[in-house]
Amino acid sequence: MTMITDSLAVVLQRRDWENPGVTQLNRLAAHPPFASWRNSEEARTNRPSQQLRSLNGEWQFVWFPAPEAVPESWLECDLPVADTVVVPSNWQMHGYDAPIYTNVTYPITVNPPFVPTENPTGYYSLTFNVDESWLQEGQTRIIFDGVNSAFHLWCNGRWVGYGQDSRLPSEFDLSAFLRAGENRLAVMVLRWSDGSYLEDQDMWRMSGIFRDVSLLHKPTTQIRDFHVATRFNDDFSRAVLEAEVQMYGELRDELRVTVSLWQGETQVASGTAPFGGEIIHERGGYADRVTLGLNVENPKLWSAEIPNIYRAVVELHTADGTLIEAEACDVGFREVRIENGLLLLNGKPLLIRGVNRHEHHPLHGQVMDEQTMVQDILLMKQNNFNAVRCSHYPNHPLWYTLCDRYGLYVVDEANIETHGMVPMNRLTDDPRWLPAMSERVTRMVQRDRNHPSVIIWSLGNESGHGANHDALYRWIKSVDPSRPVQYEGGGADTSATDIICPMYARVDEDQLFPAVPKWSIKKWLSLPGETRPLILCEYAHAMGNSLGGFAKYWQAFRQYPRLQGGFVWDWVDQSLIKYDENGNPWSAYGGDFGDTPNDRQFCMNGLVFADRTPHPALTEAKHQQQFFQFRLSGRTIEVTSEYLFRQSDNELLHWTVALDGKPLASSEVPMNVAPQGKQVIELPELPRLESTGQLWLTVHVVQPNATAWSEAGHISAWQQWRLAANLSVTLPSAPHAIPQLTTSETDFCIELDNKRWQFNRQSGFLSQMWIGDEKQLLTPLRDQFTRAPLDNDIGVSEATRIDPNAWVERWKAAGHYQAEAALLQCTADTLADAVLITTAHTWQHQGKTLFISRKTYRIDGSGQMAITVDVEVASDTPHPARIGLTCQLAQVAERVNWLGLGPQENYPDRLTAACFDRWDLPLSDMYTPYVFPSENGLRCGTRELNYGPHQWRGDFQFNISRYSQQQLMETSHRHLLHAEEGTWLNIDGFHMGIGGDDSWSPSVSAEFQLSAGRYHYQLVWCQK
């Protein structure tokens, strides 16, 4: 044990938090989570241990702007100004100090290992009692599961130790410091330390004791560590559970270790042995260790599909069977290896349906509770994810247990990121920083290696490629050869990774960055000498309204076996709740706390909002990742299972044939598909229909029974095909009265029955409509070529730094947002059965023509207005965001009914999950409440739209809400939006894709850009 004076002044003078060679003082060695059961049955059933006591709850807390500001008396007694805070928590969520959101830029001046003198410091204290029996024998430990970023610990006024690494436990022996009766803990937590230079992750920078604190009492002679691993024969019919156990204390001949393996109530295998490891060299072996091998016949294998869990109980006892203590862990029999360029689990090539997940809660910051963790896992499973990357640090210990039991593959990542360094490997190539990096990697492995869900180790994130990475890669491969190691830094294919693991590499497009080119994923596989699998550690940047082009990745994954999937960036929006002056909550992002530097809304890249409400993009991910694929040939549906291990024993295939959303025939068929097998389903012959409508076949895979992660009736997969229908002839309708045209100096007015249409002759726009005496428009019907910018349109542009390559900057520079209409033509003609209005406009900016729009409005005797639009786009202007029409309707109706793709928001490059049907939703559901307002709510492939008294027919895309594009564009946060008068309707003949390969460079694929130059579309507007 390191001994230094207990004096606070001496501790402050030492400044351990500015010395990369001091990562801990008196911290105990890492190990798997312990409970020190004194009853093996309680260990087997994982009952709460009487030897493990939580110290979570109310602690005394004082915040100071620097560590030197606290008086020495704090070590002995609480300060008068002390507040009460809950542990675990981040002190910023209690109003102390400000959270800082920054992606790359360090929140402090870069001068490693030094940190600012003004270093916000939290002083925690807790008074507690200890059971007297704990003082009489054994060892009492205190465990801090997570403290950000570094801390010193005192007990009863005496200094105990020091720890850093915010995301792994720091554990200390308190035995020599405790006394009978009351005891007092004092913890000095520093916001910044030299460790902060290794924790430059894209997240909120927060501080405090944010994970659990507990006391653990272990016997004097104790289990110090244990490690389990599984080995198999070639066909996985026989396995060996290898358990290595290390003890601490007096090594006596009578000591024994028994390892028993349980499946529920049934003991599968057991073995007992004395201590004494195998001979390593001429000096012998480890006297304090023992390795046991338990043979298991026909083990039930673990996978994310079928997470079969056994329980291993490790007992330390005497030769006569007297139990000293027991530890236990869940066990999954599974094998991970790379062979022939493929990542295999139990001999089968994996397809990683993964997502990156930060530990984030909108109210609690970086504090995770079991309910939130389970909620995340259930949502992931329900949306066909099978893997999660712990980005970018080891997670709460409970997370891994839950992943073991529910079934998720885990990439466990070391808490190392130096993204803001120039160059990035400035520290990771520096041997002075190897000890700090080493502790972050080795302790992660030692804590988490018993978890079957952990299938890959990661050396960290965005830290370049340094010699320290190579050393740590070799250490892991030596200590744990059962798992591959991945690391993206330095180009994604360095010597420190077993897997090519790029971030944001595109499917077909090379990105030729200096020194580290980012090849297309297809090309990467074929580089000379390259034989490794490729799994994207990050892809499909889900920031705001995004995930366009996601289907292209999944087409490639299924086409090329060595493209084994990837991890979407990322799971949850990192917005935080603030309250306005009236106590109303609102969602905040970077800069909203006065934090500088900050990266604005770049913290919100989730597939779900911070409260775990899904984004529309989550449905697209679910559909592309679904485990059943379908092929239609005639009346035959071929279903292929992508499950590797699971028989489809809880699935029904439900099919429906519908004409314009009206079901004509349906049935359901039990599914019985073997893993990686096929099932052929024959549909009955359907009558040939003569119809002008659209005939669609839709199949859904439904789970009739509830599972551990889904309710009964859960839909896991679906597909839709348009069927051929006989042509039909629409008979002419009976003659109608002819609309009457009235011309004045200012307007053309057309009247029919109780309806009127007014076209302004000076503007050339439809300026008003009446039904009876009620006006229908608040603004004229005008062309629209812009959208409220998406995050993907904005890229890295901001007020002080403009990216001229960003779509929004190109549109602004070209004048798309400022374009004004100049009338070329506005004429009216009375035809035999209709009135025809013909208009032409140029849309100009600073004398330059950007668009020419020609329209005809044909109003016939039935009251229908057929609108034909032809648009020319100037060859030297950027491709527009949309080509459509917009107006502000006077009515506010409760519901929207449409025949088209839905029900969720969809865009031209993100619509594979949408189905053609007749949908009916509340108006409020047509708006997607992205925290940073933008273009939202589009529905594509629409044939008919009904809203209030109006109906539109044609082939178009639309969005409809209470918010104008102008308001969306000018508003920084969703809570600042106000419902405008009436309803804004946007009807597009064409709409650009949204992109999403990344959010900092234009990523809309060429096929989804509006590059044709000439566009033509039609629609009919009538009143029901």
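Keep in mind that glycine also has a Cβ here, set from the backbone N, Cα and C atoms.
Cross-referencing GLU439, GLU462 against the Mg(2+) 1 binding annotation in Swiss-Prot, which names GLU417, HIS419, picks out GLU462.
Binding of Na(+) is attributed by Swiss-Prot to PHE602, ASN605, and within the candidate set ASP202, ASP212, ASP997 the record adds ASP202 to that site. Among the candidates TRP984, TRP1000, the residue that Swiss-Prot annotates alongside ASN103, ASP202, GLU462, GLU538, TYR539, ALA540, HIS541, ASN605 as binding substrate is TRP1000. Other C-beta atoms found within 10 angstroms of the C-beta of HIS419 (Mg(2+) 1 binding site) number 19, with every protein chain shown included. Within 10 Å (C-alpha to C-alpha) of HIS358 (site 'Transition state stabilizer') lie the following recorded positions from HIS392, GLU417, HIS419, ASN598: HIS392.
Considering other CB atoms within 10 Å as the measure, the emptiest surroundings among the recorded sites HIS358, HIS392 are those of HIS358. Looking only at the recorded positions HIS392, GLU462, GLU538, ASN598, the one with its C-alpha closest to GLU417 (Mg(2+) 1 binding site) is GLU462. Spatially, by CA atoms, the recorded positions HIS392, GLU462, GLU538, ASN598 include one closest to HIS419 (Mg(2+) 1 binding site), and that is GLU462.
Between the CA atoms of ASN598 (Mg(2+) 2 binding site) and GLU538 (active site, nucleophile) there is a gap of 22 Å. Here the C-alpha separation of GLU538 (active site, nucleophile) and GLU462 (active site, proton donor) works out to 11 Å. Non-local neighbourhood of GLU462 (active site, proton donor): ASP200, HIS392, GLU417, THR418, HIS419, MET424, GLU488, GLY489, each in the same chain, at least six residues away, with C-beta under 8 Å from its C-beta. Highlighted in sequence order, VAL104, ASP200, GLN201, ASP202, HIS392, THR418, GLY420, MET424, GLY460, ASN461, SER463, GLY489 have their Cβ within 8 Å of the centre of the Cβ atoms of GLU417, HIS419, GLU462, the residues recorded for Mg(2+) 1, and are not part of that set.
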